[in-house]
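**Student:** Just dropping this structure here.
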Amino acid sequence: MAFWRSKTAPSQPESGETPPAEDQAGQGGMFTKFSSGLQKTRRVLGTDIRDLFKSEGRLVDEEFLDELFARLIRTDMGTGPANKIRDEVAKQYRGRVVQLEEVVATITTEIREQLRQDHGGLAKADSGPTVILVVGVNGSGKTTSIGKLANHLRSGGHSLVLGAGDTFRAAAVEQLTIWAGRIGCEIVTGKSGADPASVAFQCVDKAMETGADYAIIDTAGRLQTQSNLMQELQKIRKVIDKRLPGAPHEVLLVLDATAGQNAISQAKGFSAAAACTGIVLAKLDGSAKGGVVLPIHEQFQLPVKFVGLGEGLDDMAAFDPDSFAEALFQN
Amino acid sequence: MFDSLSEGLQSAFKSLSGKGKLTEGNMRDGLKIVEQSLLESDVSYSVVKEFMAHVSEKALGKRVLLSLRPHEELVRIVHEELIETLGPVDPSLHLKADRPTVLMLCGLQGSGKTTTCGKLTQMLREQQIEPLLVAADLQRPAAIEQLKIIGEQLGVPVHTETDHQDPVKVCQNGVDRARRDGNRVVILDTAGRLAIDEELMAQLKRIDKKVGPDQVYLVVDGMTGQDAVNSAGAFNDALELDGVVMTKLDGDARGGALLSVKQVTGVPIKFIGTGERFDALEPFRPEGMAGRILQMGDMVAAAREAHRIVDESERESLEEKMASGQFSLDDFKNLMQKVAQPGLMGRMMGMMPGMSQFKEALDSEEAGGQMKQIIGAINSMTPAERKNPKLIDAARRTRIAAGAGVQSSSITQLIKQFDTMKPIMQMMSGKGGGDRMAMLRQLQSGAMPGMGGGGAKIKQSTGKRLSPAEREKQRKEREKLKRKMKRKRR
């Protein structure tokens, strides 16, 4: 596992090379949101990596490294990445007395580098509606994320159609219908138990007919181990592509930030079946850090596109590697 | 028999064999691997530390250091310690005789509270108890609607108040209604909330105080990671929990968070959710969960599943036939038909130690089609051929293939498979547990015929014989890989 890609880890943050956040108009507000959401997290945990260091610096020994490892593990990044970071810190600092800024800067820089991605925004279709398919395990927050994403796009002046493709769970269609009503956008629904692929087809159809900018399609929650349901996702993809060649343009995997190492298996399974293009990290406003996206990004090159920070319509922010990396360890 | 953890330990201890005695220092390497394995299964760090302290104490005792297979001994200690920590079990809902028993479900968003509501209802219905469900989730859009639909599906009343904004009132009214209507059980479905959301946690406390539920269950997602200690701790502080339900354990999550929750709350783990259907709620078994966390599989669950499919007398006669080598293609067909239900074989393989790798192959539609082909082919044989496949020559093969609508090579394939299987079955049914495990291991190492291929085209792994030299080469490669993995883990 090449988590630690750059073999010569820079001990100074490469502030000069930090990529400018792909900021669009109006997103500045979302970053503020991001920070305020994470503020809660920090308040509760109360402790952070700085606690490991006394103001006059601290000797990097086995005990120090163990404590560091504990902090790393608590982000849910997994033992692989945590061991790598620990080893790296040991290599650079063992036997030295270090200042907090030094080590934190190194780790944060490394993680930020790890998460550096080509583009943070949503893909856009060259012509016609951009189709977004949303997938994930049960209870990860798909429907809520769709509501928030739709609101985000709507307030950006885009027209959109929602597709209530979760025809399995009781009242899932109603839930999305309520969101659509709040946002004021079109929704295509099927009967309970209807073929989700047909709902997806109709949704794309409607979006093309009405000339909408986006079509966002919900799917029922499923575990990545349920191969018949994973095949259903492939079918949905196929049907969408039939109606609008090249679609879906985005397949967003919704991950629960409280999830542990199983999220890696989720990313693997859903990527294989539905060719995911990005992640929505939901429920990041809790005390969970969502560090599991690090190994996921590393193994599947799946960028995090959005983070969910609450249950309100506006509680979503574009993912920003810098604040995410900072938030993992810092106040 | 203990998959990945055991393999890791074996390689850790391997370097010692022949070099002298196992020492405390060496054992620490083994313990390190156990620790990493627990962390990988999402047990929270602090809980792992505490747990490992217990394990180390036992592992560093003389008995382990002197035992011939220290890694097995260590795995056994960990397994036992896990069972002890996760237990004791108490699947009772502690229903009151004289008044409605109030159950309250709480947890984070998306942990599966409403679905668990439905599952508990189904369980109570099986005991001829009709619960009243109370929709106290006024946060999430359509949550009330969802519970209503579940109530309809299961034929139980649901108390809803759409005009109320206060869940405390809704719960109180619901309990009053149950008293009036004579429901023995009331289930309160509360809104999902973050443990750090002070306002909503205060609301939950108010419900607890004003309604006074008899049993408060925390519903925990089986995929939860390190945060489990924080959230479970907060719920436990706010409320007096009586039990834990862990959901979504039908996937491949190892569910280590359950150990964290148990350690933090100290309350019994009541049930585990193992599927989307309402009957997929099982009483908690620490043995099964311990095996799952350590990735050892769950033989009991697999056996139970097998029992459900094949009844006792049938099983006995089958075993007898297997043991005596009388097992015919007819029996094979019968067995196939029983297990041909979609998803079933995969589920069982998933529960068998070390067999999870075949799960995917067996779960696929291809595998289902393949099974149909096999059944069709056997149907096209004469009774004599089914009893003694050796009768089947080229002419017969062509006839059978034509009858089943497959290529004659598929028939050859099938017979080869059956021939490989027969002695394995004979051994499996004839021998004791230990030998069975050895057989399972042999199966894992590649003697599983025809898995994963599609229909008639399955060509690979039809019992390819390797020369001793080849086998030795493969073994060396395996060892190399293991060492590499071990190094990586460091």
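Note that the numbers count up from 1, one per residue, in the order the chain is shown.
Here the Cβ of each residue, glycine as well, is placed from N, Cα and C on the backbone.
As listed in TrEMBL for this protein:
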type	residues	note
REGION	A:1-33	region 'Disordered'
BINDING	A:GLY136, A:VAL137, A:ASN138, A:GLY139, A:SER140, A:GLY141, A:LYS142, A:THR143, A:ASP218, A:THR219, A:ALA220, A:GLY221, A:ARG222	GTP binding site
DOMAIN	A:303-316	domain 'SRP54-type proteins GTP-binding'
**Student:** Go ahead and report the DSSP secondary structure tallies for the domain 'SRP54-type proteins GTP-binding' (A:303-316): helix first, then strand, then coil.
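**Tutor:** Result for the domain 'SRP54-type proteins GTP-binding' (A:303-316), in helix, strand, coil order: 0 helix, 6 strand, 8 coil.
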**Student:** Using Cβ atoms only, which of the binding-site residues A:GLY136, A:LYS142, A:ASP218, A:ALA220, A:ARG222 are under 8 Å from chain B?
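**Tutor:** Of A:GLY136, A:LYS142, A:ASP218, A:ALA220, A:ARG222, none lie near chain B.
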**Student:** Report the same-chain neighbours of A:ASP218 (GTP binding site): residues 6+ apart in sequence with Cβ closer than 8 Å to its Cβ, ordered by sequence.
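**Tutor:** Residues satisfying the criterion: A:VAL134, A:LYS142, A:THR143, A:ILE146, A:LEU162, A:GLY163, A:ALA164, A:GLY165, A:ASP166, A:ALA172, A:LEU176.
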**Student:** According to DSSP, which of helix, strand or coil covers A:GLY136 (GTP binding site)?
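**Tutor:** For A:GLY136 (GTP binding site) - judged by DSSP and reduced to three states - the answer is strand.
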**Student:** Could you check the binding-site residues A:LYS142, A:ARG222 and say which one's CB has the fewest neighbouring CB atoms inside 10 Å?
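**Tutor:** A:ARG222, out of the binding-site residues A:LYS142, A:ARG222, has the fewest neighbouring Cβ atoms within 10 Å.
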**Student:** So for A:ALA220 (GTP binding site), how many other CB atoms are inside 10 Å of its CB?
**Tutor:** 19
**Student:** Taking each of the binding-site residues A:ASN138, A:SER140 in turn and counting other Cβ atoms within 10 Å of its Cβ, which one has the fewest?
**Tutor:** A:ASN138
**Student:** Is A:ARG222 (GTP binding site) helix, strand or coil when read with DSSP?
**Tutor:** coil
**Student:** Excluding A:GLY136, A:VAL137, A:ASN138, A:GLY139, A:SER140, A:GLY141, A:LYS142, A:THR143, A:ASP218, A:THR219, A:ALA220, A:GLY221, A:ARG222 themselves, which residues in that chain have a Cβ inside 8 Å of the centre of the Cβ atoms defining the GTP site?
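**Tutor:** Other same-chain residues with Cβ inside the cutoff are A:VAL134, A:VAL135, A:ASP166, A:VAL254.
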**Student:** Just counting, how many other CB atoms are there within 10 A of the CB of A:GLY136 (GTP binding site)?
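**Tutor:** Its Cβ shell of radius 10 Å holds 28 other Cβ atoms.
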**Student:** Going by DSSP, give the three-state secondary structure for A:LYS142 (GTP binding site).
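**Tutor:** DSSP call for A:LYS142 (GTP binding site): helix.
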**Student:** Quick one: largest C-alpha distance among A:GLY136, A:VAL137, A:ASN138, A:GLY139, A:SER140, A:GLY141, A:LYS142, A:THR143, A:ASP218, A:THR219, A:ALA220, A:GLY221, A:ARG222, binding GTP per the record, in angstrom?
**Tutor:** 13
